[in-house]
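A short write-up of the structure that comes next.
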Amino acid sequence: MQKTFFGRLCNGTDVYCYTLKNQYITAKILNYGAIIKELLIRERNTVLGYNTLAEYETDSYYLGAVIGRVAGRISDGQLIVSDQTYQLEQNNGNNHLHGGNQGFHKKVWSVLEYSSDKISLTYHSLHMEENYPGNVDIVIEYRLEGTTFILEYQAQSDRETVINLTNHSYFNLGDRLEDISQHFLQINAEQFYILDANYIPKELSFVNDTPFDFRKLHRIQERLSQPHEQLSFARGYDHLFVLQEIEPQVILLSPDQNLMLCASTNQKYMIFYTGNFLGTDNTSFICRQGLCLEMQSINQFGLISINPAVLYHHITKWNFQSR
């Protein structure tokens, strides 16, 4: 076990880095945003990250962080719970995005349990925090099992509210100085959602005969280069896929084909995002230097609602295979 001081926030709070390690994987976790700072597979770092806390504190890309209370966009910031409307922060044009500017990615989490291969972090979100109803207790557990990194999410509320958690790590399994266009990708999904003018998933569509068909392994650039109004509009992929129950639901292969990530989840949906805005306001990265596989539910309030009788519980597994 290794716990090291990482830095001090502007408000004076100390932040620490916790190392998980087995013979295959080394992971470095921050108690700020429950961020996955590094995820090394045989010394190859597979996720984007910063070197300093100051960079994370001003980060606008949600690098490696837990997203909540609600991942994704809420149109006009209008949240409806128990027939009551709550006005959320509109931090993405007219939309509310990823829980707001002070969502879970900007919170200091408490460590419940820490060992060489597991860490559990918790956060108590107060009633009306970011204007969301309900006191919510969240527990995130990261653990190593052989060549698999497991993310387990639990949440409990004292009243009806909404919750939709995900992790926003940006993967790059290849040369960190290059973008992810030469990676290979497979998504076991027959349907995806068309985005409306405000980037809200609205219309369910089949992937057949479109660049959104990743049912077989394809080089990402091969699909990105195909003409499609949705790719032009979003500047790449930023789309919600309906996952099949066949595991793994997602396979990501490095350009040299020497490292493979197989992602499995009990979630039914995933946002595939190609880092289209990386580098727009920060010289640390280039456009599409990493991609996100955001396992989650769909932002329809009835589908992401919880109450005191319902425990939110989801698991995602990242299995790595190297040659």
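For all residues, glycine too, the Cβ spot is worked out from N, Cα and C.
Among the features that TrEMBL reports, beta-D-galactose binding site is placed at H168, S169, Y170, D238.
What TrEMBL annotates, mapped onto the structure for a quick look.
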residue: H168; record: beta-D-galactose binding site; contacts (Cβ under 8 Å, 6+ apart): Y61, Y62, L63, G64, A65, V66, I67, A71, H98, H105, C292, E294
residue: S169; record: beta-D-galactose binding site; contacts (Cβ under 8 Å, 6+ apart): I36, L39, V47, L48, L63, G64, G290, C292
residue: Y170; record: beta-D-galactose binding site; contacts (Cβ under 8 Å, 6+ apart): V47, L48, Y61, L63, G64, G275, L278, Q289, G290, L291, C292
residue: D238; record: beta-D-galactose binding site; contacts (Cβ under 8 Å, 6+ apart): L195, Y199, I271, F272, Y273, T274, N276
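In three-state terms derived from DSSP, Y170 (beta-D-galactose binding site) belongs to neither a helical nor a strand segment and is classed as coil. Max Cα-Cα distance over the annotated beta-D-galactose binders (H168, S169, Y170, D238) is 14 Å.
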